[in-house]
Structures are given as C-alpha cells and as structure tokens.
Amino acid sequence: MLWLSGGPGAGKSSIASSLVQRLREQRRLGSCFFFSRHHAGLNDAAALWRSVAYDLARFDHNFAVSLIEALKERRVDPERPEIELHFRLMIEEPSKRSYAFFPQDMAPIIVLDALDECRCDTRDRSQWNALLRTLSRWSDLPRVFKIIVTSRDPVSKSFSEKTCKHIVLLTGDLVTPEATRDIHHFFTERFAKITETVSSKWPGHRRILQLTTQAAGLFIWAETVMNFVERGIPEEQLDLVLKGNFGGGQDLTNLYRQVLEQSFGESDSRMLEALTTVLGVIVLAKVPLRRSDLQYFVCETDLVIHRILAKLSSVISMDTAEGTLRVIHLSFAEFLCDKERCPKNFFIDRNMQSEKLTAMCLQVMRDGLHFNICDLETSYNRNDDVEALAARIKKHIPGHLSFSCRFWAVYLQDVTGNEFTNGTLLDEIENFFYSRFLYWLEVLSLIKELGMAPVALRIVARWIGNTKAELSKFVTDARQFVVSFETPISESVPHIYLSALPFSPPESMVSKHFLPQFSRILSVTSASRPALLNVLIGHLDGVLSVDFSPDGKRIASGSGDRTIRVWDAGTGDVMVAPFKGHTETVCSVAFSPNGERIVSGSGDRTIRVWDAWTGETVIGPFIGHTDWVRSVGFSPDGKRIVSGSDDRTIVVWDAEASKTVAGPLRAHTDWVCSVAFSPDGKRIVSGSGDGTVIVWSSRTGEILATSLDPSGWIFSVAFSPDGELIVSGSDEMISIMDVETGDDVNNHIGSIRSVALSPDGKYFVVGADDTTCRVCDLQTGNTVVGPFDGHIDCIRSVQFSPDGKRIVSGSDDGTIRVWDCEIAEETCEGHTDMVHSVAFSPDGKRIVSGPRDKTIMVWNAKTGKSVTQPLTGHKDWVFSVGFSPDGDRIVSGSSDKTIRIWDAETGNVMAAPFKGHTETVCSVAFSPNGERIVSSSGDRTIRVWNAGTGETVVGPFIGHADWVRSVGFSPDGKRIVSGSDDGTIIVWNAETGKTMAGPFRAHTDWVCSVAFSPDGTHIVSGSGDETIKVCNADTGEIVAEPFDGEDWVFSVGFSADGKYIVSGAGAEVTLIWNVETSEIVARPIDDRESGLTRSARRLISLEEDLEGELDDIADGLLGRDIRSVGFSPDGECIVFALGNKICIWHFEITRAVHNHIDVLNAIGGPIVLNSCRQTKSRGWVSDGHKLLFWVPHEDRESICGIDAVHIMGTPAPQLDLGRYVHGTSWTRCRAKPHANMQHPSSNTSED
C-alpha cells in the first residue's frame, strides 16, 4: 500500500486522476474510488469494498469466481453497512484464492482518493473506524494486490511504515522542486490555451514564474487563480492576482476572500442574501445538484441564479454532461463555513442554511408527493417487475424531489434553536407526517432508498423531542411501521396500502390515522402487533451471547468475531467501539449488577472485565482454565464471577483482583456449557454436556443437588427469581428442577439452545435451533408469546429485559434482534406434542383430538377455540378418540392400555378406565347405536365393550399376528373391520367375534387404517406400502385401481355420500380421491403450478427461489406426519392432524375455483385464514408471480393462503375480503379517490 498525503490543495486528487488514467491505459486499473464529502454516494464508507469487489470481479474472471464462492459459503448482504465483513468476504478471501492467477506485470492496482472526505464527521464513527481497520489489513493480502490511497496528513499518520509506504506532498517553504515544476507546467499549459485569443507573448515567463512561486506547491491555488483569470478579461484579471491581494499558496483564505470580493464586493444586501443561499445549497448538498434543480431550493429567479454562478465559476464547477454543480475544492467549502476566516457578508451559517434547506425540502415534498406517484397500473407486480420503471421514475420523480425525500431529515439534525424560531418548521413537519408520510415511502421504495427512512425518522423524533410530544410519538410509531413492514414497502409500492397498512396493529398511530382513508383494502381484525422492535447489525460472525444492562437501556453482545459490542437497546445504535482483546470467540458476556462493567469468557481460555462505557479492559485477563470458557456471570453483589469451561470445571473468581475464590470445582465429565449464581449468591448452578445439572455452594464448592437429564447435553441453565427453581434446556427437553431436592417438578418437550426466566418468574424464554424463540408458561410449558421468527440461523442466546417487556436474541446469523414480548393478550392453546387422532362430532360443530401429550381437547369447529378444559387422566400417549353417535360422549384409547369415556360437554370422566388390553390401545370406535365400543391393541387382539359399564362383552378377537392398528363398525353395527401390522384386513362378526371375511392380503406392508363405506359394501385401507385400496367387504376383491398415497398412509375415510375418500400420510400429504375414477380431486394446496414434490409444501405460494428451504418449512411443529383425517358430516370440510396442530380444510372452495385469485373473489367476505405450518418465505401470499398481499411474521403461522385451512387454538387474524381491491383496480383503495390525507385536526382537503 502506498499512501500519498498532503495538506488541502496540494494536488493529491490531481495525481490520483492522472494515475487512474494511466493505469486504465495500461489495463491495470483494478478499481478506483474518489471519496467526496458532498456526494452521498461517494462519502459512504460502507460503499467502498462492495464497489472495489465489483470492479475486481470485472477486471479478472478468476477473482469473480472466487468472489462468488466466498459469497456462497457465508451469508452476506452487500446492502448492509458491514464494512469488515464485506472486506473479509468480498476482498480478503477472494484475493487469497485467486492471486496465483495474476501475472506480476498485470496485477491490479486500486486507487482510493480523498479518504479524509469519507463520512467521518458523523455522530457514529464506528463505520469510519471499521474502514481504517480494513485498510490496516491490506498488507496481509497477497502482494500482487496493490493499493494507492490519498488523504490529508492526519489520516495517514495513524498508519505505520510496516503497514504502508508514505509519500508526503509538501507545500509552502517545504515545497519540493518536483511539485514546483509540475505547477509551472500547469500554468504554462493553461495560459497557452488563453493566448489563442490574446497576444502570444502574454503573460510571459516572468509572470508565470511569479505565479508558480505564489502557489507554493498548492495545485488548488493555481487552479482557482486560472479559473478566475479565464472568467473575465484575462489581462485585467491576472493583474489583480499579481498585485498580491490574492495571497499565495499558503494563504487559501485570502485567495477565496478576494475571489468573492472581486465578484460581489459591491453587491447590495438583496444580492448577498441570494449569494449565500445559493452557496449554502451547493456547499451543504449531500449529492451534487443539477443546475435545473437548484432553483427549487433558493427561491430566486433563474436570471439571478445565472449571474451568481457565472461570477463563481472559478470556485464552483458545473459538469457539462450531467449539469451538476459542486465546489471546486473542499477547502472552499470549509472557508465559507468558518466564521473566523470568512467575511461576514459571505459566511454560511450551517444552522440557518440547514433550516432553510429543510424547509425547502418539505415544500418540495408538499408540492410533489401524491398517491401512486409513478402511475403503477397493478398491485400484482414487484417494483423490479414494473415495465420501464426507470423512465417512470425520471418522469414522475424529478431530481429535486428525490433529493428532498432522501436528505430533508439529514439537514434537520443540524438545525438548532428554540420552539419560537422553529415553530413554522415544526408545523411543516407535522403537516408532512399527517398528509404525505405514505407518499414519501412510495418514493423511497421506488428509488431503492427505503433504508434511509428508519434513520431519518429517528433523527426527526429526537429533534422534536418533547416540543410536540404527540407528533414525536407519531414519528416513533412511523419508524416502527417502516421496520415492521420493510419487505412489502420496499418490494411493491401498492402494498404500502394493501399489505402494510391493514396488517399494522390497531393501536398503531399510523394505522389509526391513515386506515380510515383507505376503505377498500383488506380488513384485518385482531392483527398481531409486530413483535420485532429492532435488528442490531455489526458483528462479523455469529452472536453467542447477549445480555441487557440492569436498567434495560443497553445490550451487550459477544461474538465469534472475537469482539464485544454495546448497543442502545432502544435505537439499536452502537454506543462504543467494539471491545477488543480476546484472541478467540467470545462465548459469554454479562453486565455487572450496577451496569458499569461487563465480564466476558472466551475460546482463548481467559476471562476479562471491561468498562461498559469505554470498552477498556479494567481487570484481567483471568487465567486458570485450560480450555474454552463457555459461560460467565457476576454474583448479585458484583464481587464475584463464576465461569464454566470445556475443561469440565467451574471456577469462582474475585471480580476485583482476578484471583480464584473457589474451585476449580470438578464433578462434570464433559464440557460445562452454562453457569449462573442464585439470586442470593449462595449457590451456583451448572449445566454440562454430560447431561447433568449440579447445584454447588458458591463458598465451599460442595455439591448441594444433582439432576440427570438423559435426553442430551444441557446447553443452558437459569435460576428462578426466588431461587427455588432451576430451568435447564437440553437437546430434547426443558426441565424444571427443585433446588433443594434436585427433583424434576416439571418437564416440557422441546430442543433449545438458551433459556432465561422472566423477572416475575412466571415465564421462560427459549431460543432454539429452528431459528425461533418463544415465551412459555413456567407451569404448563405452553407457548404464551411467539414463536418469534426472523433469524435465519440457530439462536444461541436469549434474555429478558429487566421489566420483562422485551426479549433480546443473538443468533449464528450474526444479528441481534429485540422483540416486544407484551404483544399477546390471547395465548395460543393447543397440544404440545404430535396429535394421533381427530374426529368431528355428529353435528359437525365440534372436533375432538388425542395427542402424545396425554390430554384430550374439544374444539369449536368454526372458531377454532377449545370448548372445554383439556381432558386429563391418561398416563401415556392418546392414540385414538371418537364421538358417540349422539355427540354426548367421547371415547379415547391410550398407550397406558386403557379406554376412557368422557362427557363431551363438561370433560368429566363418565366411567372408570376400561382395562383388559395388555398393550397400547391403538384404535377405538362407538357402535352406531352408541351402546358398545370396539378397541384394538398392540396385544394383537380386538375387544367389544359395554359403553356404559366398561365390561368386555365380546372378545378378545384373535386372528392377527401383529399389532392391530385400526378398527371400525359397519354402518349397521353387525360387523367390525380391522387392519394390522401383519399386512392383513379382517372382517369380524360383531356379536360373536368370529371371522366373516379375510384375512385380505391387499397390502405389502402394515395396514395403518381401515373404514367401511357408508353403505357397508366396501372397505378402504391405507398402508405403509404408500397405497390406498378399496376392496369388496365380503370377498376382499380390489374394486378400484390402487391410489398412490405419496408416503406411508396413516389414515383413511369415506365421505358421507361414499363418493370420495380422504387420506392422510407422512410428509404432510392430505388428498381427496374420487372412488369411481381413482383420481385426486383436491388437496389442501395444489402443488402442480410450482412443481414441488409434496402437495402440502406450498400453502399458497412459496417463492420459486426458496425451494431449497422447504425442508425447514414446518418450524414450530412437533412432527410433520398427518396421522389422522376425517370428513365433516356434511362433506364440505376435512379435519386432519399435522404434527401438534389440528387443521380444518374447507376443500369445497378449493375444488370450485382454479386459482388463488379466483378464491379471493369466490370468498368475497370475512374468512379466517390459518396455516399448517410456519414458512420461511418472505411472507408473500401470491398466485404464481402475482402478489396478492403480504403477511407479517407474527401472523404467518396462522396464514396458509386462501385455501382456508384453519388451525385449532391458534389466534388467527380474520380477513374481510369483501371490499378488497387488487390488481388493476388497486388505486380504488382510497376512501375518496381525489382526497388527500389530512392532519387529524384538518377540515380541508387537498387534491
């Protein structure tokens, strides 16, 4: 790396430009990046390495291939400002893979000019510091990759000679002969062009030499002087310069003062005001403004602007091709804004000019923003799919409007003053938010600048503060609106109105204000409040540990990138530069009780204590462990630290002296993954890879209690706030342990990586491998809030805020997310394990379900809510349930070898358990008259019971050679059919228990399910051989072609009219068959459009590019097989069990229409949309490539699409489609087609 440095105007950029031209001619220019403080696209540190990577990929094919490989191996979003990650994945790794292919004489050279003009004067210098760190690592790259950097002196001084070679451009008395010769040559060339119109002897060698001496090595002085000379009559202009009034190269201040005095010294106050306004706009412009756009910001006539620019041509340049204006050098802008150097008449007051610019931007937006600004014809398209979008943007979003939308808030943050002086500005801002906020989002979406919105809104909310508290709250809510609905807003403008607005929570201020103005959109009742509050991005590797500060205002995080970061928990801003010191992964972090310090444990085997505000190491490193330190924590008084390590030991340390207080404590036989102090500090709990949880005395190291979890590694342990319970999470189970006895008081099934208890001790939050986190009730284990979906990799750490209202999660995806955990007033009710059996009541109004979690539930088939408390009594899995013919009773069979009868209304047990089977009861059913019950068992027998007394009245029936999986009565009650693991079907006499027909050997594998047809003449069977067969009930003859069940067929049944068969199988397959033709007539979701191999893998439309994620589509479900299916009595619906969910499919709607848009139109009114699973898609409900609407993460588990599959127990939004306009009708969504949006108190309307 070669670093060229020098003062302002020393010619650094001139040299860089010449180098770029020469390297381009030699075909060795790998990339060039010219930073410019006054160009938003060229002062962004985050833009550098992705630009360089793109150029290098174009420069060399081998680098391009290596870049693609690196990007495939790691998830990286080039749009995110992750500078160090960009450098590592897009520069460092590809360069190390491809350097061998570069000949030394053709290796690429990169040129970076004016590094000091990078955005380094912002409040957050983290990006600037990250950029400097990446440059310091350039010397570690293969030497064929060379880079030339130019900057002012202070920047280059931070780099040592080991990192790069320095060249300093000297000026003034120290100017080098080379620089003097270059400037003399510059003057000679420029005057040669002028002498074409004046005397060829003018100005002469003496004058050129005098100018060269005055320049003192500063090219900018020389260039400005020549511009001044060329502006008027050359001879007169040069005489003014040589008189000495313009000073020399060491005195740019005098040069600029004279340029302005000569041009405007005699101007009146009116012209001077216009001058400072024009200069203020140009100098403060975040990107160069076009000449044609300037007049919108200065309120001057075109003639006045023309005169001013003409006189300023020596210091203001205009690009002839683009028509853009810019100061000729940064030093001129600095001069104008320096009160000490610039004359009062020309001084630019940044505060005043920023206020003017903010006001003008607001006026431009007031005049230019309106509904559907680019005349988009249909809501079905993404922005990127709109025909000729660039031309539409050019036509409808002129430069001055685009500029205003992007930068108005940036100018606002430089405005200071009191409520009186800023009153008008406040009014304009208020009017903007209440009338044009959504239109502003349209523009940002179309020009792909939506990422600016959250930053802008944060600035505005801070600036308003308490001056207008209600407006400040509205702006804060608007920011939440943008964060929550970033996907639909950024991808398709119409869905700002059609998706984001209807799904925003009712209490949202944005929703309350704007929703009444759009009457023809989806009507969503009980929409969930968006759970995601913030995403914290900055770590370059997975986040292994997170913790809230005691006041809840900060978040600490530790990462595989070896750093610790501290974030503002509210805004997501990084509060201090990354803490550096560890040489390996930071596995664990925790705040001290007073919030002043942070402790960390690392893979480098050490522990460190840091100042939480400065990032300095204040104690440590603590040395003692011989392997990775996995977990650390402070004692409640902050005086001790506990650590757990892969060396299988626990150590207690003095937090002030880094000395061992107790330990190493040895008892575990594998890694110690998690440790924690009790609330009183007297005990320590540890969890290990050996499956044990141990409670220790923190003073003596004595073991006080031990618990063994045979299910696997203990990843996480935590004390309850009262210290009486310990919650631990392992591969397969969440366990709750009594501290005193070591006994398990409760267990909940589920695999987790991290667990934490709420401050009130009533709930616990878990983070899991399935990329979700959820809040569960401590007593029942039921999910009460969540699951929260958003991470794209395993969640390693979760924690409650001190007030219990928020959750922070850290993931292997490198991000930290903050969630609102107060959002669910209505909790999910349902089963916590796989459901084996479901059945409709005879009137079709209720559904009964039997799962592995030992409970039975009765549901309202229409609302999806439970109508009784869970029916408890079975001591093992429930395999089979069914209603009596009158609907008053429920029968259940279980792995506990018993049968039970329940009151369907009250849930009370009506009789003692029926006992007789010696193995699992696999199947039960009432007789048609309700007086008897038939059962089958793993003991290979069938029994008929008196439904009232529980006595065996017939049987056991003996004939099968293996488990009898399924039994059922014939419609007349005289026969019983059974299917067995021995692959046979038998028809029995229900009165005698004798065989009437069979065994029928129709299948080549176990028979999972059998049922009579409504007329009793046929039997349908489903088998592990993946077929469904229909046979004659008397002869066993196959009467229809075998149906392909697409997987093991667990359940089959006839419709009430006998025309159709429903089947449920593994791999989430539910199918409806025509008995006569053997053809599939319906499935919950027809997958033929997408070409997917399993029918239920697409709930309405998964993006085509997401097919690789289908294996993860069932997140949140415990099991994915459909174990039980059945028709409703009226034949219009199907009930099926998918994993731990009970679903109703309104299949008649699906059969009646041909696509999802038709379904929308067919339903045309209120419906409840529910889903069988939670998807990994971006949330779009679509028909092919046509976007219908977008669903937030929080509602996605209860949305399947418009085939109306309804999940029992899941709070689901009800969508009213009656007035929903979409497609080419979408613009009719507004209540008043020609009414603009209004401030709440406004009584007028604008077009």
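Cβ from N, Cα, C; glycine included.
Taken from TrEMBL, the feature domain 'Nephrocystin 3-like N-terminal' covers 1-152. Per TrEMBL, repeat 'WD' is recorded for 536-577, 579-620, 622-663, 665-706, 745-786, 788-820, 828-869, 871-912, 914-955, 957-998, 1000-1041, 1049-1083.
Listed by sequence, the residues of this chain that lie at least six past the ends of the repeat 'WD' (536-577) yet keep a Cβ under 8 A from its Cβ atoms are 80-82, 84-85, 88, 124-126, 129, 458, 583-591, 593-595, 598, 600, 602, 610, 612-615, 793, 796-803, 806, 808-818.
Using a Cβ-Cβ cut-off under 8 Å and counting only residues 6 or more beyond its ends in the same chain, the repeat 'WD' (579-620) has close neighbours at 541, 544-551, 554, 556-560, 562-566, 626-634, 636-638, 641, 643, 645, 653, 655-658. If one looks beyond the repeat 'WD' (957-998) by at least 6 residues along the same chain, the residues whose Cβ comes under 8 Å of a Cβ in the stretch are 919-920, 922-929, 932, 934-938, 940-944, 1004-1012, 1014-1016, 1019, 1021, 1023, 1031, 1033-1036. Averaged across the repeat 'WD' (536-577), pLDDT in this predicted model comes to 87. Helix, strand and coil content of the repeat 'WD' (1000-1041), in residues and according to DSSP, is 0 helix, 20 strand, 22 coil.
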